[in-house]
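Okay, structure first, notes after.
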Amino acid sequence: MNQLEFVKLHGNGNDFILIDELNGERIPEDEKSEASRILCHRNFGIGGDGVLFLVPSERADIGMRLFQPDGSEAEMCGNGIRCLAKHAWESGYVGERFSVETLAGVIPIQVRRDRKGFWARVEMGIPRFERSEIPADGEGTFLKVPLHGFEVSAVNTGVPHAVIFVENLDIPVEQIAPKIRHSSCFPEGANVNFVRLGNHLEVRTFERGVEAETLSCGTGSVAAAAVARRLGLVGETVEVMTKGGPLRISFAGEKAFMEGPAVTVCRGVVSDEILQTLQ
C-alpha cells in the first residue's frame, strides 16, 4: 500500500476519518473492514466513530461508504454525510447542490458557508415506521411498545433506531441501551436514543457499530424528531440538542431534512507502522 492520506472531521463531535478514493482505491475492498477497526481505535489508531470512504458513483455525483469501529458497514450516517459533503465541496468535486449515493439510497444535499462556518442541509428521505422496513419483528408500526421497562418506538431513518422518551436524561445509557440495541425485536439490531421533550428535543444516542454513546447522531436526531412528530409532540420544525451541539430537523410533507455543521480537524498521513498492520 502506498502512502495513505486521511482527513479528520467531525459533525457536532461525532468524529470520522475520511479516505478519499475518488481517484482510485486506497484501501482494498477486502481490507476496509479490518482497516476501519484499526484506524478508529482511540489508543492504537487515529481514533474516530467511523471511517468514511469518498467513492465514485454511477447513480449520484459522489458516493459514500461508512465502516464503523467494529468493522461493520453502515447504510447511512447523518453527521458523517455532512463531513463527507464538506470535504467534497471544498475539494472542488461538487457544487453547492449535489447528491451522494449511500447504501440507504441517493441523498440530495445543499451546502453553504457563513461567518459561523460550514453547514449542510441533507434530505434524509421519508422516515419508515412499518416494522418490515425498520426492521422489527411483527406487523404494523412499532410505537410505544413495552420493552425492558421502557416504552419504545422504532423508525428507520437510513438505519434502524429505537426512541425512548424520558423525563430525566441523567441515566446510565451505556448500561441500559445494549439490552434494547440487541433485543430480539430488532433482527439487525438498533441504535438507541433517549429523548427528553422540552422547548426542544434533547437526545443521547447509543450507536450500533460504535457500541457506545456518541456525542451526536444525525440519523438518531431525525429519528427522535420523526417519532415525536408522529406522536403529536412537535411540529414541522424542531431543534434537537445533542451533547455535541444542535441540529435543525424539519419536515416537508413526509420528507425529513437535517441541517447542521461540519468541521475539519486535521489532515495527515498514516504512519508506516500502522500501514504494515493493514497489509
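Note that Cβ sites are derived from N, Cα and C of the backbone, with glycine treated the same way.
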Look at the substrate binding annotation in Swiss-Prot, where Asn14, Gly78, Asn79, Asn191, Glu207, Arg208, Gly218, Thr219 are given, and name the residue from Gln3, Gln68 listed for that site too.
Gln68
Pop the Cα-Cα gap between Cys77 (active site, proton donor) and Asn14 (substrate binding site) into the table, whole Å please.
10
Structural state of Cys77 (active site, proton donor), classified by DSSP into three states:
coil
Using the CB centroid of Asn14, Gln68, Gly78, Asn79, Asn191, Glu207, Arg208, Gly218, Thr219 as the substrate site centre, which other residues of the same chain sit with their CB within 8 A?
Asp49, Ala74, Cys77, Gly80, Val159, Thr205, Val210, Thr214, Cys217, Gly220
With substrate as the bound species and Asn14, Gln68, Gly78, Asn79, Asn191, Glu207, Arg208, Gly218, Thr219 as its recorded binding residues, calculate the greatest Cα-Cα distance and give it in Å as a whole number.
15
